[in-house]
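Q: Pulled the feature table from TrEMBL, pasting it below:
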ACT_SITE  E428  active site, proton acceptor
BINDING   T142, G181  FAD binding site
DOMAIN    21-136  domain 'Acyl-coenzyme A oxidase N-terminal'
DOMAIN    282-439  domain 'Acyl-CoA oxidase C-alpha1'
DOMAIN    479-656  domain 'Acyl-CoA oxidase C-terminal'
Amino acid sequence: MADGGGEPDQLAGERATAQFDVDGMKVAWAGSRHAVEVADRMARLVASDPVFRKDTRTMLSRKELFKDTLKKAAHAWKRIVELRLTEEEANLLRLYVDQPGYVDLHWGMFVPAIKGQGTEEQQKKWLPMAYKFQIIGCYAQTELGHGSNVQGLETTATFDPSADEFVMHSPTLTSSKWWPGGLGKASTHAVVYARLITEGKDYGIHGFIVQLRSLDDHSPLPGVTLGDIGGKFGSGAYNSMDNGVLRFDHVRIPRDQMLMRLSQVTREGKYVHSDVPKQLLYGTMVYVRQTIVADASKALSRAVCIAVRYSAIRKQFGSQDGGPETQVLNYKTQQSRLFPLLASAYAYRFVGQWLKWLYTDVTQKLEAKDYSTLPEAHACTAGLKSVTTSATADAIEECRKLCGGHGYLNSSGLPELFAVYVPACTYEGDNVQVARFLMKTVAQVATGKQPVGTIAYMGNIQHLMQCKSAVNTAEDWLNPAAIKEVFEARALRMAVNCAQNISKAPSQEEGFSELSPDLLEAAVAHVQLIIVTKFIEKLQEDIPGPGVKEQLQKLCSIYALHLLHKHLGDFLSTGCITARQGALANELLGKLYAQVRPNAVALVDAFDYTDHYLGSVLGRYDGDVYPALYEEAWKDPLNETVVPDGYQEHLRPLLKQQLKLSRL
Ligand SMILES: CCC/C=C/C(=O)SCCNC(=O)CCNC(=O)[C@H](O)C(C)(C)COP(=O)([O-])OP(=O)([O-])OC[C@H]1O[C@@H](n2cnc3c(N)ncnc32)[C@H](O)[C@@H]1OP(=O)([O-])[O-]
Ligand SMILES: Cc1cc2nc3c(=O)[nH]c(=O)nc-3n(C[C@H](O)[C@H](O)[C@H](O)COP(=O)(O)OP(=O)(O)OC[C@H]3O[C@@H](n4cnc5c(N)ncnc54)[C@H](O)[C@@H]3O)c2cc1C
């Protein structure tokens, strides 16, 4: 999707060497022909609208940036209403506007929290107002003193039966809500997580809908202290978001603003727990983690698109006699650093599509009161979220390095992409929960219970604990069954080792604590197996378009084998492969990189990103990088004057003094 404005296409030669149908790959990437069409239309709509320009964003002050975000959000909403966009179209429009803001939390957490934890009556009351933006909501869980440990939150909601109200209170400084996006300046309401106290008893954390600001003049309501928590990492970047602080001084809300799907407080103050598992309190986090995995492939594919196109344009060395230099994309080191990231972008895309299916499936089962798949959904979302976000953050930084000096310029788009992306590693938690799930499964397998879903492989324990890989030539590694077997054996053996070592500890909790680094590694091995498996399963589907499946097969092999190479220690120490088999995998990787090379630019074109969305002079579709870099430099406010501000006060006196000294 070019919107480069009719410049000569410097990458045409690269595109001509592609050995597959790019349109077919666009469909495989987007999920369907319809998805390609809608995404394309929304991306163009945003790219052609001057209000959504973002090329000078990193030069704005925080206040200007925030106002710009409010403007863009309001304009996006206006376009959504005017054009009567569907939910799918509206979500894509917001994606392509590409500026973090309060709307992300309104749609991404506030609305899902009410949907997941509110009764039907509560949904009927609150959702229509939220859908029309008559109220703006955020998700206020984390506090100054506690983030990961949700049970440690201190905000209280004490029921007062005489008034049929809850009293929301922040008893300590550390109980101040701290971090919620959209809270600082924009939200009128929040879903607040607080300790429910009734009849003198603390029933732990529950969700409450609380109005924070006046709907007339936006001022905080009595007893509510609100503000922004301050500037964050990077210029532009996540500073468009008003992450906020909130304190309550005995603020009263009606009883029916407690989210009551999971448990209720009666008019008399009795606490009643329904038959819904209490873990559904964390349901909004499961939903968001699933979207974060999908976002990982978007961020990673953007970075890779920039690095691949620029590496095809950039030339260094290679000519002894004044002839053309070598494209840096032809260097084997560049390929071995970049192509695994390209393969990862596709791998995360497909696992993200599968995770969305899993989430929908669990949600339907929950509606039918079948809670059996909840633990797996929790483990998969938490684990995949953790693994894909940290790998993506590392990959964006790697892409910056792969673009050399120019990658460090804001106009490359990479510094801002990194700064916006990197908090995804922090918000929404880590991997420990997956490890607990694995340990439970190992224990169940020992009792003869047959695991299902993503842990079904653990049921094959007899074979996987002893099997030796049959790989004998580099090409043997092209067999998906060979790959799957060693990834399953590695994950299972690491989990079983942990379980055996925990059983030697004085208590299970001590064992867990002592072995937590090993548990984390076992969890990562399990999650990598899921990603590899879902890629392999994708390839078993009908994938139309000449050459499309063949390219994806190569990328799947690269994804799996680069992990094998990177974690060779795991595979060797668990005895899954021999050193020679490890070397054969590496040999095949080199051959696969050479096969991907002529397709690299077309493989990133298949992401179908506009130049607006990429936001990078290095990643331009037409490859006309140098004039764009040159032009971009002149937009910097420092270039508004030839002689800089401060010359008279600080440079001139210095220079004059040196003149005097030199005359002495
Ligand atoms: C755009 C970005 C916006 C960002 C927004 C945010 O950051 S918002 C803020 C985001 N904040 C964070 O992300 C905070 C991160 N912190 C966490 O996620 C915490 O680890 C915790 C809240 C899960 C711990 O809770 P705890 O101490 O109460 O629990 P426990 O460990 O004792 O486990 C008890 C049982 O529950 C199970 N279970 C747990 N979770 C789920 C689930 N989601 N589903 C289903 N089940 C779940 C677990 O497996 C265990 O099962 P078992 O073994 O009894 O059968
Ligand atoms: C940009 C951004 C946006 C956010 N948006 C929201 C929002 O909208 N709403 C909201 O409520 N919150 C939000 N948060 C808060 C976020 O969810 C928390 O920061 C996150 O859950 C981590 O908690 P923490 O900051 O308290 O870190 P801590 O829990 O203090 O973690 C510090 C370190 O301790 C480690 N650690 C903690 N517990 C354990 C353990 N049991 N075992 C081993 N290691 C452990 C962590 O891995 C980490 O290395 C946001 C945060 C950021 C950065």
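Each Cβ is built from the backbone N, Cα and C atoms, and glycine gets one as well.
Automated prediction, rather than curation, is the source of TrEMBL annotations.
Model, not experiment: these values are computed from the prediction.
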Q: With every protein chain in view, how many other Cβ atoms are within 10 Å of the Cβ of the residue listed as 'active site, proton acceptor'?
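A: Taking every protein chain into account, the count is 18.
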Q: Would you mind splitting the domain 'Acyl-coenzyme A oxidase N-terminal' (21-136) into helix, strand and coil residue counts from DSSP?
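A: Computed counts for the domain 'Acyl-coenzyme A oxidase N-terminal' (21-136) are 90 helix, 0 strand, 26 coil.
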Q: Test of understanding: give the count of other CB atoms lying within 10 angstroms of the CB of G181 (FAD binding site).
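A: So the number of other Cβ atoms within 10 Å of G181 (FAD binding site) is 26.
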Q: How many Å lie between the Cα of E428 (active site, proton acceptor) and the Cα of T142 (FAD binding site)?
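A: Checking the Cα atoms of E428 (active site, proton acceptor) and T142 (FAD binding site) gives a distance of 10 Å.
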Q: Cβ-Cβ under 8 Å from T142 (FAD binding site), same chain, 6 or more residues apart: which ones?
A: K177, W178, W179, P180
